[in-house]
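Read the structure below first, then the notes.
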Amino acid sequence: ITLSCRAFFWLVSLLLSSLIWFIAVKASDPRDEPLQKGLLIFGVMFSVLLQEAFRFLYYKLLRKAIEGLVALSEDGCSPISIQQMAYVAGVGFGLMSGAFSMINLLADSLGPGTVGIHGDSQLYFLTSAFMTMVLIFLHTFWGILFFHGCEYRRWWEITAVVVMHLAVSGSTFCNPLYVGSLVPSYLLMAAAAAWAYLLSGGSAQNLRRFLLCKS
């Protein structure tokens, strides 16, 4: 239920941001290329901020749900922790984001004109698949970091999530120079994974042993 609801929240944020971008494009001059590029950048950045706003709204909703479960339970404890909620919510966010990314790519691949042939890089679909994968993992880790920041009022953690999301989304404008988007995104994913692991109760010693392949 948590995963499905989180996916729905992502869909609503996508719908609203797409609507704003569509209205802005229709109200502008389509022949003005710099303006159209600026509107595209605005649309991406606005979509990221709206997604994070909906992530915060979903945290508030889950917090109310947990308080209700605590009030109804006999021992005064919630059967599910906020960390578990954060993980599942992040997975739902990432899966829905990845699904929409791949659906658009598969739709383009059907033709009649196919992206990546006699024009764009032949690695277009492969690199797009890797980008989709890293975004799914990042949304999972961001969910853990964001909820932890909200739970303990560490606003710098929330700010870090928003900045990372903006950075990853902005790096896609480096395409078709795919190294400029994939490498920073995977480095951020590794950092976010380690950070989320430590916040979830993992120890730095175990993380060091894992990185050094020690038992």
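Cβ coordinates are placed from backbone N, Cα and C, and glycine is handled just like the others.
Under the heading transmembrane segment, TrEMBL lists 7-27 (among others). Same-chain neighbours of the transmembrane segment (7-27): 36, 39-40, 42-43, 46-47, 50-51, 53-55, 57-58, 92-93, 95-97, 100, counting only residues six or more beyond its ends whose CB sits under 8 Å from a CB of the stretch.
With a threshold of 8 Å between CB atoms, the same-chain residues lying at least 6 positions outside the transmembrane segment (39-58) that come near it are 5-6, 9-10, 12-14, 16-18, 20-21, 24-25, 28, 89, 93, 142-143, 146, 150, 158, 161-162, 165-166, 169-170, 172-173. According to TrEMBL, the transmembrane segment annotation covers 39-58 (among others).
Per TrEMBL, transmembrane segment is recorded for 85-103 (among others).
Tertiary neighbourhood of the transmembrane segment (123-146): same-chain residues 52, 55-56, 59, 83, 86-87, 89-91, 93-95, 97-98, 101-102, 105, 109, 115-116, 157-158, 160-161, 164-165, 168, 172, 175-176, 178, 181-182, 185-186, 188-189, 192-193, 195-196, 199-200, selected by CB-CB distance under 8 Å and a gap of 6+ residues from either end. Summarising the annotation, TrEMBL assigns transmembrane segment to 123-146 (among others).
The feature transmembrane segment is assigned by TrEMBL to 158-179 (among others). Sequence-distant contacts of the transmembrane segment (158-179), counting only residues of its own chain at least 6 positions beyond either end whose CB sits under 8 Å from a CB of the stretch, comprise 41, 44-45, 47-49, 51-52, 56, 120-121, 123-124, 127, 131, 134-135, 138, 142, 145-146, 149-150, 185, 188, 192.
The transmembrane segment feature in TrEMBL is assigned to 185-204 (among others). Sequence-distant contacts of the transmembrane segment (185-204), counting only residues of its own chain at least 6 positions beyond either end whose CB sits under 8 Å from a CB of the stretch, comprise 83, 131, 134-135, 137-138, 140-142, 144-145, 148, 164, 167-168, 171.
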